[in-house]
């Protein structure tokens with residue numbers, strides 16, 4: 001019997017791709033799966049690792065400010081729509097699933113023109129420009145936060161949480177410590193600035209390194225091209241651009257985490273019961289979604305928030321001390337939060353098309 005076809009889209013950052021990977025892993029035996037993304041985005045790199053057919057399209061960037069590039073990008077998006085329509089006409093999918101990001105817009109426009117059902121998942125507290133634009137074309141819209149439902153049509157939207165990759169939940173702390181060469185005695189602090197890194201966090205962590213390594217063994221996932229070779233021989237400090245296969249083991253061994261406020265990452269740490277110090281991307285660099293995500297988690301008692309403009313080596317040490325004091329209280333609230341049904345819900349909804 002011929003399998004039905006689903007097309008995934010979403011890209012621009014790892015946060016627009018990893019939830020798709022979680023879903024793909026659950027449905028790969030029952031569906032014929034394809035992915036549409038940009039020609040050079042991180043989505044192409046991540047999807048190539050799992051042997052799923054990848055189709056590149058032209059795509060522009062959605063900006064919230066006036067720029068001549070916006071004019072050029074109109075034509076890129078129009079070309080992307082034609083690219084996506086040609087691909088979808090050939091594949092004839094039964095469903096398109098989008099995680100947002102600028103590359104998803106042409107795919108959704110093309111899918112709507114071909115009357116293909118469209119599912120959207122919005123990770124952040126407030127919708128990004130791509131999902132804000134695409135909501136009118138969606139069949140169903142899923143959100144990570146209950147507070148986000150108000151931004152979408154009531155008859156389409158449902159808050160379910162964030163789909164968590166099962167492999168992230170199945171790590172071994174023993175394997176993680178062995179991979180890192182860390183001992184059992186001192187706690188492990190993991191710093192994650194996202195797939196592209198976080199310059200200010202990287203710099204501040206390295207400024208405070210002598211103090212931090214007195215108390216913690218440190219895993220620093222510093223992003224592409226951000227490894228500092230001059231620090232390679234420091235005991236108790238391991239730095240990587242990014243890790244893939246070993247990430248679940250590293251997180252299983254982690255006691256505390258410093259992270260950006262991207263929704264997918266913080267929901268994964270919540271599912272793993274790892275207390276977080278969230279340093280969200282500031283308003284000068286973003287639309288403020290990470291700040292709202294961080295505040296929501298802090299209000300629920302899952303984390304502490306340190307605004308980037310207040311980030312110094314002194315404030316970093318101070319907030320980590322506060323996080324350590326609240327560690328058991330935070331873990332208790334995390335365990336009581338009953339997270340983890342989002343992936344199951346999405347798989348059930350998708351499989352209704354089988």
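Positions of Cβ are set from backbone N, Cα and C atoms, glycine also.
The domain 'Glycosyltransferase family 28 N-terminal' annotation in TrEMBL covers 6-143.
Positions annotated as UDP-N-acetyl-alpha-D-glucosamine binding site by TrEMBL: 13, 14, 15, 165, 195, 290. Long-range C-beta contacts of residue 15 (UDP-N-acetyl-alpha-D-glucosamine binding site), restricted to its own chain and to partners at least six residues apart, with a cutoff below 8 Å, comprise 123, 194, 262, 263, 264, 265.
Under the heading domain 'Glycosyl transferase family 28 C-terminal', TrEMBL lists 189-341.
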Binding-site residues compared (13, 290) - highest count of Cβ atoms within 10 Å:
290
Counting by DSSP secondary structure, give me helix, strand and coil numbers for the domain 'Glycosyltransferase family 28 N-terminal' (6-143).
63 helix, 29 strand, 46 coil
